[in-house]
Amino acid sequence: KGTIHLFRKSQRSLVGKLTHEFRLVAADRRSWKILLFGAINLICIGLLLMWCSSTNSIALTAYTYLTIFDLFSLVTCLISYWVMMKKPSPAYSFGFERFEVLAVFASTVLAQLGALFILKESAERFLEQPEIHTGRLLVGTFVALFFNLFTMLSIKNKPFAYVSEAASTSWLQEHVADLSRSICGIIPGLSSIFLPRMNPFVLIDIAGALALCITYMLIEINNYFAVDTASAIAIALMTFGTMYPMSVYSGKVLLQTTPPHVIGQLDKLLREVSTLDGVLEVRNEHFWTLGFGTLAGSVHVRIRRDANEQMVLAHVTNRLYTLVSTLTVQIFKDDWIRPTLSSVPIANNILNLSDHHIIPMPSLKAADNLNPVTSTPAKPSSPPPEFSFNTPGKNVSPVILLNTQTKPYGLGFNHGSAPYSSVLNQGLGIPGMGAAQGFRTGFANVPSRYGTNARGQPRP
C-alpha cells in the first residue's frame, strides 16, 4: 500500500501544460491539415529569408513578412479548434472564446510592427542605396505568392474570416472597390469576384507580388535600385493599412465594448422588455462582445410585488436571447412601502429620555449675556426692550428624537411628560393672564399694559 498524501496538488510546469493542450488539439484529425501547412510554412520562410539575404532586396523581405503572418494565422486557427474543445471552467465561466480574439489581436499587431521595421530600414536605405541582385527575386516572389494564396484558400480560418468581414474596410480595399466598379460596369461577369469587396489578405498578396514584379523589371532594364526601397515602403504601408482595422476591431472586443451595429437592435429589445406585464423598470444593462459573433450581457429588472418572478424571467430571456446568447437577468420585486401616519395620541413611554437623543438648540450668543426669560441681550446702560418675541434660545425645550440603540449618560431629568401647567410656570405664559413674569419683558416692575410710561401714567 502506498502513502496517502492529504491536500496534495499535482504541480505541472508551463511547458507541461502547453504540451498537454497541444496533445489535446493534435488528437483531432481536423488539426492535422493545419499542422502540415505549418511545417511547409516554416520551410518556405527559411528559403525566403535565405533568398532575401542573397538578393539584398528589402522589398522581398517585406513580402516575406506576409508569409510569417500566415504562420500566425495558422496558429490562430489551431487556437480556434482548441477553444471549441474546451468547456467553461470555474476560472473561465464564459468559456475560452476570448483566447482566439487575443490571438487575432496579437497577430495583426505583430504584422504592423514588422511593417514599421521595414519603414525604418527603408529610410536608412534612401541615404545609401545598395546594389540589388535579381537572380532569385522573381522566383522568391512567385513562391511566396503561391504559398500565401494556397494557405488562405485551403484553410478555413474562422476568426480571421469573421474579422475581415466585420472590421472596417482598409484604404486599399476602398481604392480597389472603386476600380472594380468601373471594370464591372464594362464586364458585368466580374462582379461576383471583385464586389462587394475583396478578401483583404488575398488583395495584399496580389498587390505585393505586383509591386515586386515591377521592381524586377525596372532593375533589369535601367538598374534603378531605388525602386526596391520604394516597393518595400509600398508593401509596408499596405500591410499596415490592412491590419490596422482588424487590430482596432479585436481590441474593442477585448475591451468589452458594445458593437455599434447591434446598439439599435438592443435598444428596441429593451423597450419591448420594459413594456412587459409586471415590469416596472429595466436598469444596469450592460452588453459586450464575448467572442467573435458571441454577445454577452447582464440586466436588472424591477417588477411589481404581485408579479410572478419566473414568468417575467421567462419573457425577458425569450426576448433578449434572440440577440444575446450569454445572458444574466436579475429579477427583484419593488420594495417601495407607503409610510403610515398615526392619529392616536402619543403614549407617555414614548418620551422616555433614557431611550432618546436630546438635541439642544444652539444659543445665538454667550449664555452670560442672555436674559433668562427672553434671550434678549441684557445691557445695563440701555433701557429694557418694549417687546420680546419668542426667539429660540437656551430656555426653549430641546428636540427629542427616538433612538433605540444608544442611551445618554447621566441626564438628570425625570421620566415621563411634563404637565402643561408646569410649562406655563417657566415664563412661557400668555401676556396679560396674571403670570408672575410676563412674556413682554423680564422685569417684574414694568407694567404689562400697552401705552403706559415708566411711572404708570398714560402717554399723550
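Numbering starts at 1 and runs along the chain as displayed.
Cβ coordinates are placed from backbone N, Cα and C, and glycine is handled just like the others.
Annotated in TrEMBL:
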DOMAIN    35-255  domain 'Cation efflux protein transmembrane'
REGION    371-391  region 'Disordered'
TRANSMEM  32-51  transmembrane segment
TRANSMEM  63-84  transmembrane segment
TRANSMEM  96-117  transmembrane segment
TRANSMEM  137-155  transmembrane segment
TRANSMEM  201-219  transmembrane segment
TRANSMEM  225-244  transmembrane segment
So which of 63-84, 96-117, 225-244 is most in touch with the transmembrane segment (32-51), counting Cβ pairs under 8 Å?
-> 63-84
Quickly jot the same-chain residues contacting the transmembrane segment (96-117) by Cβ under 8 Å, restricted to those at least six beyond its ends, or write none.
-> 62, 65-66, 68-69, 72-73, 75-76, 79-80, 82-83, 86, 88, 159-160, 163, 236-237, 239-240, 243-244, 246-247, 250-251, 253-254, 290-292, 294
Intrachain residues whose Cβ lies under 8 Å of the transmembrane segment (201-219), provided they are six or more past its termini | 57, 59-60, 62-63, 66, 73, 132, 134, 137-138, 141-142, 144-145, 148-149, 152-153, 160, 164, 172-173, 176, 225, 227-228, 231, 234-235, 238-239, 242
